[in-house]
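Trainee: Shown below is the structure under consideration.
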Amino acid sequence: MVDQPLSLAFIVVIIITIIIIIIIIIIIIIITIIIIIIIIIIIIIIICLLIIIIIIIIIIIIIIIIIIIIIIIIIVIIIIIIIIIIIIIIIIIIIIIIILSCSCRQYRVYSFGTTYTSAGEKEEEEEEEEEEEEEEEEEEEEKKKKKKEEEEEEEEEEEEEEKKKKKKEEEEEEDKDEEDKDEEDEDEEEKEEELDYAQRQKQRKIEFTLAHEISKNEEEKLKIRRIKWKVKKVNGDVKYRCCTGSGPIGESCIFRERKNIHQT
């Protein structure tokens, strides 16, 4: 009797411990799941924040690059403007130097109709004047030669033009002669054609009159022949022999349209 309660108590304790262990395990699992979900959410939030930060950094970098490019362009423009200004200044200085040097060389002091240079170069100027006079004389001679050559060329051109005019006049005269000959030939041909036409008309009139007389004679002969050679009636019509008298009854050879004129 004492062993039975002990065994029952032991079993109850074991069952309770198992239940407690199961409950603890379930609680641990739930807690781990919650922790995992929280960790995932935190990771997602961190990733989103990182993405936002990266986007912001990229935008900042782009803005910085644009600003740098604008600054570089402005600097280049300023440098180009400075270079242009320097070049202009250098050109102006060079022009001023050239003008001053020319003015210094050509500076003269006029007194008593004579000229003196700043370096006393009177002899050189005289030589230069002599050279200029010689050059002018040479130019005048060349101009004269050119004028002579031009006059010769003009004379040659005039001679050629006269020759051409003569040739043209000769050709025109030849053309006129040929045209006159052609006109004479045409007139002769027209006269011959008129004579031929008149002769043809005369021949036609003669032939027409002869044919008319022949046709009258033949009609009279046919009248006689048809009266003589009337033979019989065919289907109620009177038939005649042909005009020559050699064809069969009812036929006609030349005067077919006149067949029914002389029926009786």
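Even glycines carry a Cβ here, placed using N, Cα and C.
According to TrEMBL:
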COMPBIAS  122-141  compositional bias 'Acidic residues'
COMPBIAS  150-161  compositional bias 'Acidic residues'
COMPBIAS  170-196  compositional bias 'Acidic residues'
REGION    119-200  region 'Disordered'
TRANSMEM  6-31  transmembrane segment
TRANSMEM  38-71  transmembrane segment
TRANSMEM  77-100  transmembrane segment
Trainee: Below 8 angstroms Cβ to Cβ, which residues of this chain, lying six or more residues outside the compositional bias 'Acidic residues' (150-161), approach it?
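Mentor: That would be none at all.
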Trainee: For the compositional bias 'Acidic residues' (170-196), jot down how many residues DSSP puts in helix, in strand and in coil.
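Mentor: Across the compositional bias 'Acidic residues' (170-196), DSSP assigns the residues as follows: 27 helix, 0 strand, 0 coil.
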Trainee: What does the DSSP secondary structure composition of the compositional bias 'Acidic residues' (150-161) look like, as residue counts for helix, strand and coil?
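Mentor: Breakdown, helix to coil: 12 helix, 0 strand, 0 coil.
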